[in-house]
Every structure is written in C-alpha cells, then in structure tokens.
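Participant: Below is a structure I'd like to ask you about.
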Amino acid sequence: MATVAPNSMNISKIDKEKGVTDSSKELDAGALFVLQSRGSWIHCGFHLTTSIVGPVIFILPFALASLGWVPGVLMITIAALVTFYAYNLLSVVLEHHEQLGKRQIRFRDMARDILGPGWGNFFVGPLQFSICYGAVIACTLLGGQSLKVRVILLAFIYLLHNSNGTMHLYQFIIIFGAATLFLAQMPSFHSLRHINLFSLILCLAYSACVAAGSIHIGKSKNAPSKDYSINGSQQDQFFSAINAISIISTTYASGIIPEIQATIAPPVKGKMFKGLCICYAVIASTYFSVGISGYWSFGNQAQPTILSNFMGDGQPLLPTWFLLLTNLFTLMQVTAISLIYLQPTNEVFEKWFADPKMDQFSTRNVIPRLISRSLSVILATFLAAMLPFFGDIMALFGAFGCIPLDFILPMVLYNVTFKPSKKGLMFWGNTLIAVASTLLAAVGAVASVRQIVLDARTYSFFADV
C-alpha cells in the first residue's frame, strides 16, 4: 500500500464530512457542471451499463463463428472477468486518491497524477477523446442505418409505401442526428440517469428479442443448416480468430470509468463495485444469450450483425412486427449510447467556454453550451453520413484505443499506485494481463488494417449502403 503524503491529512473535518477535498474546491467548469457528483451507486450502474452494453453484442455470434464453440464461449467469459477485474482496479485507485484528498474525476487526471503530465495530456486524453467521439459517430451511423432499413415512424412508412423512392442513407442519418442534437443539451452526466435506466431496460428487451428470434428460427421447419466448422484457409482462420478476439474484447470496453465514478456523491468507497455488479448482471444475461443462441441457430453463416440473419432471400423469417419492435428498442438505446459518449466532449467544451464562477444556467454559460454541443453533434452527423464504412475504422480504433484504456492502463495504474510486491500474485497477474493485452492490441490492429485493405474497394463517400 502506498504511503500517505504528509500533507494529505490537512483536509478539514467538515470538508471530509461533506465529501469535499482541496481538489474539488477548485473545479473547472467542465468538472463542476458536466461531472456533477450527485449520483448513487444505482445511477452508476445505469451509466456503466449504457457505456458497455449496446447493439455491438449483435456481432457476438459472428465472432463465435470465427472461433468455434469452446474457444468462443471461453473468450466471452475471460473478457468479462478481466474487464470486471480491471474496472474494479481503476475504482480502487480512484478511491485511494480520494482518501488522500486528491479526488480524480477524469481518465487524463489519473494518468497525469500517477504516470506524469505527458501521459495525461498527450496519450490518455487524446486517446479517450478519439474513442468516445468515434463512438458517437458510429452510433449516429448505426442509428441512420436502422432508420433506413427497417425501423418505424417516418422512415418505415416511407419505405413501406415508396420502396423505390430516392431517400438515401445520409438523409436518415440526418434524421437521427437531429434527435441526438436535441437530447445532447442535457446539462450534465448525472442528468442522464433516467435515460440510462431506460437504456438498461431496452438492452434487456432487444437481447431477449434476438435470443428468442434466433431460437425460433433454429427450431422452425425452414431452419438453416447448422454447420459449426470454421470457414477459410488456415491464414484466413488465423486472422479471423484474432479479429474475433479483438471484437469480443472491445464489446466490453467503456473508456469512461473515471468519469462515471465522478458522478457518484462522495464518499465513493464501495459504490462503484455495486454499480459494476448491476452492469455485469446485465452483461451476463445479454452477451451469452445473444452470442450462444445466434451461433446455435446459424452456425458459421452468422452475419456481422445477427439481425441480418433474420432475413432470408429478402423475406423476414420472423413476424414483421417482431422485427420492428426489436429495431425500435435498438434505435432508442443507440441514442442513449450517443449521449453518454458525448460527455467527455461536453466536459472539454464546458471547461474551455463556460465560466465556473457563474450559474450553470446563466445566459453566459447556456449560449456557449448550446453552440458547442450543437456543432459537436452536427460534425459527428456529417462524418457518419460521409463515412458509411466507419465501422471498419472503428475496429482499428478499438484495437488502438479501447484495449489500452480498459485492459492495459488499469493494471499499470494499480501497480504504480500501490506498488505490490514483485514476488506476489497481484503484480505478476496484472503484468501478465497488460502484456497479453498489448500483444492482442498489436495483432488486432494488423487484422483491422488488413480488413480495411480488403474492403477498401467498396468504400465511397456518402455511399447509400
């Protein structure tokens, strides 16, 4: 255990009782307004679930098809255990520094204080910002695609009555972006707690729908033939397996664990663990049900999104209302994911443009907030429309960003903070995970670049895919 600095106990008794430390008295506008520490461990569970569980789980049957039954299910389990452990390590480090009177509320703050200013300013900060904003672009693209293909409201009515119409993907992306633009004005991370509760319910709902749909198709008279062999040459199988491991790992990624813990009202000790228990209870009931049922039903014919397998020869294999309901649940949850990954961007803009000495809802602060957040969403919408192949790019981001932030840094930060004995299991266990994750990130990046090269011939700006 690290020793306590001599001046770390100079926090007044009154401040401790209120959960106020020296660092919290000098908060900038981003921390003061966006990362308000007013939530409970239950709210933390809502935020964690929304940041991790999303429609990305629809790719799990496809990942299993590249690994096979035993390695695939084992990899899903190992990734869950490792990330639960890693996020708990981050929480313990954050709690330790809070007890020393130095509460850290951002990932870059942790890296700056523990590893040095360069790590926070030039590595962790830009990396986190890129991953989170990339997630917003990816969610906007997914939302637009869902609207275009088979969701309800205006887009569905349009396609139903005018299937030969001239609306393009970018127009549906704009529709989704407009909804995000409105909701992005929510003032703080804490203000998303009810939306994220709804998000948690939605991910349970669409996961149940997907699992039930897969089982129904698998047991139907027209069930596809089940072949669980792995396709391709040995080289293709190798790269597919590496890509699948990288995909499974990044489905557990969050990248904003410190920011989520920052929303908890002090003292925070033990609260993050409870929130993680909520989140991983949802993960256990969604990841395994979707992955296993989808792979069982479709075998090595599982598509990159299992919803594509619900259509056979252009005809739905399930009732239309069931598909629409599943997609509606998915679309609404993607909106919540977009909002939660906008928070790091919102925090930076608030820090730059807002005045912490004035009220959060004063004209002086509201106008810059409205302009900066609107421009942020507009840019994300434009990029999503221009780069409909952004999914391939996001896979590369996942290898370079999600794995370092969620698998490697927690181990490093814990070892540097607490300096466990080099003869002990803790030190070598953390080191092993960090080294293995580094190798996975490197090989995963190569596999992602290879996939981009293979798909490059199909890329075009503003493509109507």
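Just so it is clear, glycine is given a Cβ too, placed from its N, Cα and C backbone atoms.
Annotations for this protein, taken from TrEMBL, read as follows:
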- 38-447: domain 'Amino acid transporter transmembrane' (DOMAIN)
- 46-67: transmembrane segment (TRANSMEM)
- 73-94: transmembrane segment (TRANSMEM)
- 114-147: transmembrane segment (TRANSMEM)
- 167-184: transmembrane segment (TRANSMEM)
- 196-218: transmembrane segment (TRANSMEM)
- 238-257: transmembrane segment (TRANSMEM)
- 278-298: transmembrane segment (TRANSMEM)
- 318-342: transmembrane segment (TRANSMEM)
- 370-387: transmembrane segment (TRANSMEM)
- 393-413: transmembrane segment (TRANSMEM)
- 425-447: transmembrane segment (TRANSMEM)
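Show me how these features fit into the structure around them.
Facilitator: Here the transmembrane segment (196-218) has Cβ contacts under 8 Å with residues 43, 45-47, 49-50, 53-55, 57-58, 61, 224, 226, 282, 285-286, 289-290, 293-294, 296-298, 306-307, 309-310, 317-318, 322, 325-326, 329-330, 332-333, 336-337, 340 of the same chain, all six or more residues outside its ends.
The list of residues near the transmembrane segment (238-257) in space but at least 6 beyond its ends in sequence, with Cβ under 8 angstroms from a Cβ of it, reads 48, 51-52, 56-57, 59-60, 62-64, 66-67, 71-72, 75-76, 79-80, 83, 87, 90-91, 107, 128, 131-132, 135, 230, 232, 283, 287, 340-341, 343-344, 395, 398-399, 401-403, 405-407, 437, 440-441, 443-444, 446-448, 450-451.
Proximity of distant same-chain residues to the transmembrane segment (370-387), defined by a Cβ-Cβ separation under 8 Å and at least 6 residues beyond the stretch ends, is recorded for 133, 136-138, 140-141, 144, 169-170, 173-174, 176-177, 180-181, 184-185, 342, 345-346, 349-350, 352-353, 393, 461-462.
Sequence-distant contacts of the transmembrane segment (393-413), counting only residues of its own chain at least 6 positions beyond either end whose CB sits under 8 Å from a CB of the stretch, comprise 82-83, 86-87, 89-90, 93, 107, 110-111, 114-115, 124, 127-128, 130-131, 134-135, 137-138, 243, 246-247, 249-250, 252-255, 257, 387, 430-431, 433-434, 437-438, 440-442, 444-445, 447-449, 451-452.
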Participant: Can you work out whether the transmembrane segment (278-298) touches the transmembrane segment (114-147), with the criterion being 3+ CB pairs under 8 Å where the paired residues are 6 or more apart along the chain?
Facilitator: no
Participant: Spell out yes or no: are there three or more C-beta pairs under 8 angstroms between the transmembrane segment (114-147) and the transmembrane segment (318-342), with each pair 6 or more apart in sequence?
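Facilitator: Output yes: the transmembrane segment (114-147) sits against the transmembrane segment (318-342).
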Participant: Count the CB pairs under 8 A between the transmembrane segment (425-447) and each of 46-67, 73-94, 318-342, then give me the winner.
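Facilitator: Comparing 46-67, 73-94, 318-342: 73-94 has the most Cβ pairs near the transmembrane segment (425-447).
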